[in-house]
Every structure is written in C-alpha cells, then in structure tokens.
Amino acid sequence: ALAWQAWALVDLRMEDTVEVYMDESAEIPCLYSFTEQPMMVMVQWFVQEREGHRVRISFSDLTMQKVDENTSYSDRISVQSNSDGETLTIQDVKLSDEREFFCQVSGLSAGSEEGKTLLKVFDPPEPPVIEGVLSGVSVSGESPAKIASCETREGFPKPNITWYRDHIPIHPTSGLANMVTLLTRESSGLYTVQSELHYKVTKEDKDAHFSCEVSYFVPGAVRTSESKGINITVHYPTTSVEIWKESPEGLVREGDTVELRCQGDGNPPAPIIFNREQSDVELDSSQGLLVLKEVSRADSGVYECHSLGLDAVNHDEVLDTLQLTVHYLDPAVVVPKDSEVMLKGESLTATCNALSSLETSTVWFKDGIEVGRGHIMQLQDATFDTAGQYDCEVTVPSLPGLLTSGFVHIIVQGAPQMKDAEREIELMEKVGGWVNLSCEVRGYPRPAITWSITGSQSQSWREVVKGEMEDQVYSVVMLKVTTDAVAVCNSTNDFGIETKTFSIRSIPFSQTPTARKTSVDNSGVIIVVIIVSILLLAILGSVFYFLYKKGKLPCGRSGKQEITKEKTNKDDIVVEMKAKKTEESVLLRGVNGEQKPPNDQNSTLSS
C-alpha cells in the first residue's frame, strides 16, 4: 500500500513509439513532475535486451549525470536534462535499435514512476525489378504457368509485392492466377522479397502489360514503387491467314515483278506455303513472301497461301486466296499494213488496234504532229501532201507506261504537178548575162524533167542543180542570154505530162541613133500630134506679136501688154515609149530642127 501511494506521487509522460530512418538520430523524451517537491530526483534509462533482461545505459541525479560504460550504447547516446525532464538521443540508429527504452524516475519520499517507448527503425527497399519468361507461355497449358518474377531488395520492415495486368491488380484465383513469395533476411537485417506470378494466359494476353508494385513502410506513412511494364510472349495456334499484294502498288502489267505476302495470326508464326488454285504444286517462297519475276498474262489467276497450326487442337489447315490480274497490251496492228498506194483524189480508211485487258486510247501522228484520235483514221480526197508516214500510238489511260505503236506509209500516185505551171514566166536580162531557171515537180511515180530551149545557142545553157525525193523532183539550169529565148521545162510520168514556160527577153547594152529613129518612126502618129501642137502654139504667138506691133495690145505702164516667157516643167512634154516590161524615152527635136540634149527633154516657148 505504501509503494502504490509513492508511485502515485509522480506524473511521467513518454511516447508509445518513436519512428526513425536507419543511420539517422532518434530522440526519446521522458517528461515528469511531482505533486510534492522532492528532496532528490534520480533518473535512470534502461534498454530491453533480446534475451528479456534489462540493461541500464544512463544515470543522473542532482549531483551527477553519466552514460554507463561497456554497453552497446556507451558511445552512441547522450542525455539532455531540463525542468520538464530528460531526452535520450541515440546517434547512428541501427536495425538492432528497434526495441523498448525505459525511463525510471525516483523522488525518494516524493514517489517513483517508470515509462517506456518503442523505437521503430525504417529502411526503404530498392525499386522492384521484373523479368518475364523468355521462352514464352502457351495458351494450351492446363494450369497456371510462371510468366514473370519480381524482386525488391534490402528493405525494412518487410516489403510487400502486388501484381498488375494493365494496371489492374491480380488477385489469387484458383486455376487462373497465384503468387509464390520468397522472403529472405540478409545478414544486415534487411529483407529481400521475391515473388513469382503464375498465370493462365489467353490469346488476348499477347498485347497485355504486366507489372509489379512494392509497398513499404516509412515513418508515418506507407509508400509504393512500381516496376516497368513487360509484355509476355504468348504462344497460340494459327486460326486464320491473310494474303496481299505487297508490290507493285496499283495495277500489275506484263514485265513487272510481283511480291505476294502471306501472314497468319498464330505465334510463333506457322510455316506458310503458296500454290495456284486447283494445283498441288508448291511455289518457291521464303518466310511468307512469294516473288513472281517478269510476270505475263499467264501468271494471272487465284493464288492460295496455307498455314498448318501445329499447336492447334485439331491440326486444322487454314488458307486465304488472292486474285492476281496481269494486264497487257499487245503490239499494234495497222491496216493497211506497212504501205498503201492511193490515186490522187481517192479516199482511204486506216485502222490501228491493239488487244488489251483494259480500255485503250489511240492517237495518230504525221511528222510528229497529231492528226487524229481514235482507232480509225479517214483520208479524204488525197493529194500529194497526203503522202507520208502516219504513226499511231496506243496507250492504256488507267495504266501509264503501257504503250505500243505502229505505222502505215501512204503513197499518192498522180500526174506531175508543177509549181507555177499555170502561167508563163517572163524574164529580162542584158545580153551576155545569165539567168537561173528552176523547175519543181511533184508526182508519183517520180516524174522525169527535160528542158527544151529555143532562141539561144544550145551550148549556152547547162543544168547546175538536180535533186530527187520520193514524189518530188527539182532542176535548176543556167542560161546565157544572147537573144530573146523561150525555155520549156517538161515533166512526165506514167500518169501524164506538165510543162512550164519561161520567156526571156534580151536587153542590148546601148541603142544607136538609127535605132532610136527606127523607134520613133514606129511611133510616128504620136510624133505628128506633138508637132502639130507645137505649130499651133507658134502661130498663136505670131498673132500676139502682130497685134502688139500694131498697138492693139497695151504693154507695160502705157498699157502695153507683155508676153512673158513662161517656165515649163521639164516633164511637161515627154514622150515615153514602152515595150513589154522595158521602157525607152524618145528624144524630141525642137521646132528649129536641133536635137535637144538628153538632160533637157522639155520644149519652152517664148515670143
């Protein structure tokens, strides 16, 4: 009864638990008070050993304070006192420090009391490391199989591991999922946790991501750390295959290299074989790729690809098919073929066709210029200009690059057709000069050209140029002019003849007076008219002069009139005699019979 009464005299307060990270410092307070003022206060700190007995580690009273020697805490603790009590500080906390610490306070007659605090130590574990099964997992397994493992190291207290599929927790389920956990305590006192996930996979798990999460305690909280997500290799049988054309893009034409790809949905991929429909011959392929080089229309048809699911329950064979169409364009066929002869004025229908698996387009060209579109070309009322080579190009608009061509050579037959043959060509040249005479003829068969020249010596002309083309001939001759001459170009073939005439007039270097007189005599009528006119003017002048002498006409200031000499233009009285395409001026003699100089061809009258 006396002991209970003494204990009741002390008010002592301690925390139930103090939490701290390993290697840090921990402070454990011990607060106390007395209902009566004690004569002496003694405080002792004890620690609970693993074996169950206590060991004092510190002592203090009014006269002294010391840390007990030869304990595991002699060099790691210190005690601080104040009016409210004492605080025990532990340096460099270890895992072994997780135990109960006791504070015993005695005031002698004032009473005694004891309290305790549990020190809890924490050390976070390393982040979790996850590994999947490298060999893969088959869906055909009857029970859950190991698919992954997760490990977290050196944590305290013991960490926990939770598994996730696509961030959804996986709970142990009979026949579907279970976890095997291995807990290891290292020599340091820290824990390492290993967990294996056993899971019954399905085909849908091939795209799923599995991860693990470790949860651990820290002072005042619980924290987590998640691993990276991994994808599990799931083995499942092939239930379907797909075949497609990998190249070329678009339509296939003859000469292309075609690649057909076939792939199944199984894992691992089952072997793929190719063959033509209704044929058991296996085509040469590699890893699901069939290559057809320089295909032709014979390669068109249905292609099959097969896969045998070796891990399927019933070993069923699956297949897929593809229709391959190889488009083609045969060489162009032109009718008429090669060349065709037409008569001048006739009409002709030419066709150009090419067999193709697609719709075609045809264009006709002549000398590189487009002359028509369509498979049919009409030539109406043929002329020599109609002749020549006509090329046709056949293309496939829906498949660029597919092209073929052909041609037909048109020959137009007809009588010679000479340039400027409808009119006579008139030329003038001085005597002794040379003239060039050209003759150009079209016709088929090719015309022959001959020249016939009259009025000149036969040795005074020669052919200097001669040329021939398919339906055209040309010839150029040089003619020395000695007298007036006529040259005729004659062109002939099987269908007729055509000529062209050149009239050449010679011009002498100079004409003698006799020659000029001869020219005037030839124009006598004109000269007579001019002379009569001049005589009339002379008579009129004489009349005026007579009247003037008789005083009948006033002149000057006294009223006489003066007849002044009137200027005339040099060109007032000019007589020109023109021969065909030549001109000659005739010099007129004056009324006094004198011959006027050449530079004065006008007559002037004066009274």
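Glycine too: its Cβ is placed from the backbone N, Cα and C atoms.
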For which of the residue intervals 564-585, 586-607 does TrEMBL record region 'Disordered'?
586-607
State, in range form, which of 237-325, 331-395, 416-503 has the highest count of Cβ pairs under 8 Å to the domain 'Ig-like' (127-231).
237-325
Within the domain 'Ig-like' (127-231), residues counted as helix, strand or coil by DSSP:
5 helix, 63 strand, 37 coil
